[in-house]
Amino acid sequence: MAEIHDITGLLKPYLSGTNLVWTLLLVGYIIPKLFQYLQRLFSPVSRIPGSWLHKLTSLPLKIAIAKGESHIFTVDLHKKYGPIVTLSPTMISISDAREIKRIVHTEDWAKSEAVYGNFRQDPQRPTLLAFTDKKAYSQRKRLVSSMFGLRYIRSMQPLMRNCISVLMDELDKQCANGATAVDMQHMIQSLAADIIGVTTFGQTFDLVKNGSHPLPDRLKQALKLSGILQFMPWLTKIPFIPNRDPYVSWFTNEIVAKRRAQIASRQGPPREDLLQKMIEAADESPTSPFRVSDIQDESVVLLIAGSETTANAELFTLIHLLRHPSKLATLYEEIDRWYPRNDPRPTDCDYSMSGMVYLQACIDETMRLVPGQATGSPRESRKDETLLGYDIPKGTTVFPTTQEVHLDETLWPNATEFLPERWLDVYAKGEANSLPYYPFSAGSRVCIGKHFAAQEMHLSLVSLLRRFQFEYVSGQDESTVFRIAQQMRGHRYLMTVGRR
């Protein structure tokens, strides 16, 4: 009893009033933090080049992400420290072409749980984008692969062309009295959203006609938030920040319910869109890998990824062409060879896509210079690894940075210049797949919608350039931000548009 009394006496000064608060703070936070920092100082990651601050805390990376500047943050670090750098205590970036190929293609590392684990509406049921388990991903991919097969995508051309026709009519109205400045950023983004609406849900959002629609507007906000939540998951624990946007949930649930009712009552022939395919693939059995609830989440991903990334690629392609009038003139010549002026033939991928090599070169060159996945799709070391001679502990997130390998002067002479011609010899030799070029990632996680995007870009750009003349408007902000995908920082971009 005396010993207990002595211990109580020793602790008494620390168990009263303000002292108790400081004691709890010391034991519960400060000491564990000090141990954490010591672990980080002696971790193998600490030996990788980079700022000592980044090896201790992820705060600088999180600030860059919140500002939409993680791609700039990464570029600056690689310029200063070389081909492998520390981003945070558990995240690194690599720009070496051989190691990137090994990670994303040869060894096909799994996606990072630390990143994609936070990119889920339902933590227990990932979308195709957010699977980190290879086996589960393969199972889901098999279920939906028929929806993205080339034959099925080609069958969507009439739906896409209808949306493009609406845009063409709108541009005709705007330049009826001669060439005029048009916000082509808004127009192209609206077109992409309308195309995703009609091909996914069987209904257009009429964004081109009306200028706005609640769903795409809410999804743009969700896109910004998703980019932040990937690296700051603790924000989801704040009560007033929901995992799902209420309007998006209501809209997608309503659409799915109506379509299921139509199918059950056999009202008319089956619709030819992605929603129909997903509903047909869904199974409500307890062990089902794809339920009706999964349709909503996959639909949201299709809307965000399908409209934003494709629209950005189209917009950046036009911007680069307008900056280089001689390249634009060459493209007009190619378009006129395939589709002579006043030719009534509709733009058709089966007819012209494989033959219009200069257009494809312009698109590929743009996606090389401004890749959608600027910092690369983050992967994870599932065992202890070695990269460029450095030990990489199991569980480390590795960013195989696309933008750095795309701008490597040793791989791409005059790397920062827009030179579509560099691709023509590559195509002729059949070497496109051997290049260090990853606009759609690679390996098993190559973008499942790449053929959909390629078709939409071909139809949209060819149709626009067949009818309209575009000219550059100088003095605009052309800087980019990175939020899930690389995009324009500003919310409008003007081009002078007139009839040819």
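Glycine is no exception: its Cβ is also placed from the backbone N, Cα and C atoms.
As recorded in Swiss-Prot, the features of this protein are as follows:
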type	residues	note
BINDING	C447	heme binding site
CARBOHYD	N210	N-linked glycosylation site
CARBOHYD	N414	N-linked glycosylation site
TRANSMEM	13-32	transmembrane segment
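Swiss-Prot feature annotations superimposed on the structure.
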residue: N210; record: N-linked glycosylation site; DSSP class: helix
residue: N414; record: N-linked glycosylation site; DSSP class: coil
residue: C447; record: heme binding site; DSSP class: coil
* Quick one: pull the CA-CA distance for N210 (N-linked glycosylation site) versus the residue listed as 'heme binding site', whole Å only. => 31
* To do: Check each residue in the chain of C447 (heme binding site) that is at least six apart in sequence and keep those whose C-beta is under 8 Å from its C-beta; list them in sequence order.
  => F440, S441, A453
* Number of Cβ atoms other than its own within 10 Å, given for N414 (N-linked glycosylation site) -> 9
* Asked: Within 10 Å of the Cβ of N210 (N-linked glycosylation site), how many other Cβ atoms can be counted across all chains shown?
  -> 9
